[in-house]
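Report on the structure given below.
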Amino acid sequence: MNECYYDKRMDFFYNRTKTDTADEWTGAQLIGVLCFGTFFCLFIFISNSLVIAAVVKNKRFHFPFYYLLANLAAADFFAGIAYVFLMFNTGPVSKTLTVNRWFLRQGLLDTSLTASLVNLLVIAVERHMSIMRMKIHSNLTKKRVTFLIISIWAIAIFMGAVPTLGWNCLCDITVCSSLAPIYSRSYLVFWSVLNLVVFFIMVVVYIRIYMYVQRKTNVLSSHTSGSISRRRTPVKLMKTVMTVLGAFVVCWTPGLVVLLLDGLNCTDCGIQNVKRWFLLLALLNSVMNPIIYSYKDDEMWATMKRMICCSSEDKSQERRSSRIPSTVLCRSTDTSGHYIEDGIIQGTICGKGDLGDKGNS
């Protein structure tokens, strides 16, 4: 019967894998990493909070797609919490951690990754439901969206807790990995392969949906007299989702490949030299998403800007009847795509700005 090592501290496991954590994070390098991480974690908290608040505040975002987008922002916010916890429990501190505290550290990271990944999958289903019917938004009810969001977090928490529940090497230290000294190598292979396969499937699905949308839009544009924004809005939403997915895949794939190599026990791959840089790359993903939302969606950016600026200044700008505010308002209304079916409302809001939008189109 194998001996279990639940009562050992992490220095026992790090010494077995010959991982010198103290030399990796000392002096100026440690201070630099902490400053870098602190700045980006603060940005993650503030920017993703703005995205969530924008969806709650703006009634034009009260649709399944934007609820799921807000949940993706919540997953990024949670990732920021995981990174903060990691910063204060890494480097020389790693060897002093108990097994349970180390499980918590890694479980938070795994949970945040799974939450983002499953959320992107659900968004893919929602986009498929709406796009195949050439609608901007699906017919999912709020109850169903709420159930989906709860399910996303339930799956994420479960996947983050799997090693703690038993799939580890505490009772068979011969199969311990190098990067995660109390994770079984078989678990790392399972975890990395599963995520990489899901990445590949989502990329293929989104490319097929995007090609379908482009083809249908080109066909409909020559047979319908609908507004330009009506035809382009599904494409704009797809571009936003595909950009988010692309950033997610680029930022997480290198780290997952490194975990896979470690799970396959590749001792000559130099994975210890690149692990922390790939972790920082994963951190950047949670920084990039709010930037993508605001850059790709004019209405999202306008809402976030209104929340940042003084409300009294907003009201005074809205009362002005100059050409510039009316043009901006029309453009944000067009790109949001929620009221595009109401031509009367658009005509009332946009007024003279329509000419400016048509020129820009």
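Glycine too: its Cβ is placed from the backbone N, Cα and C atoms.
According to TrEMBL, the domain 'G-protein coupled receptors family 1 profile' annotation covers 47-293.
What TrEMBL records for 30-53 (among others) is transmembrane segment. Counting same-chain residues at least six beyond the ends of the transmembrane segment (30-53), those with a Cβ under 8 angstroms from any Cβ of the stretch are 69-70, 73-74, 76-77, 79-80, 83-84, 87, 91, 276, 280, 283-284, 286-287, 289-291, 293, 300, 304, 307-308.
The transmembrane segment annotation in TrEMBL covers 65-88 (among others).
Below 8 angstroms of C-beta separation, residues 65, 68-69, 71-72, 74-76, 78-79, 81-83, 85-86, 148, 152-153, 155-157, 159-163, 191, 195, 198, 202, 205-206, 209, 241, 244-245, 248, 252, 282, 285 of the same chain, each at least six residues beyond the ends of the transmembrane segment (108-125), sit close to that stretch. The transmembrane segment feature in TrEMBL is assigned to 108-125 (among others).
Annotation comment: TrEMBL describes 145-167 (among others) as transmembrane segment. Within its own chain, the transmembrane segment (145-167) has Cβ neighbours under 8 Å at 64, 67-68, 71, 75, 100, 103, 106-112, 114-115, 118-119, 122, 182-184, 186-187, counting only residues six or more beyond its boundaries.
Look at TrEMBL and you will find 187-207 (among others) tagged as transmembrane segment. For the transmembrane segment (187-207), the residues of the chain that approach it from at least six positions outside its boundaries are 110, 113, 117, 120-121, 124, 127-128, 162-163, 167-168, 177, 179-180, 238, 241-242, 245, 249, 252-253, 256-257, 259-260, 262-264, judged by C-beta separation under 8 angstroms.
The transmembrane segment annotation in TrEMBL covers 240-261 (among others).
Among residues of the same chain six or more beyond the transmembrane segment (277-295), those with a C-beta under 8 A of the stretch's C-beta atoms are 36-37, 40-41, 43-44, 47-48, 50-51, 69, 72-73, 76, 79-80, 83, 113, 116, 240, 243-244, 247-248, 251-252, 254-255, 258, 301, 304. The feature transmembrane segment is assigned by TrEMBL to 277-295 (among others).
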Mean predicted confidence [pLDDT] for the domain 'G-protein coupled receptors family 1 profile' (47-293): 84
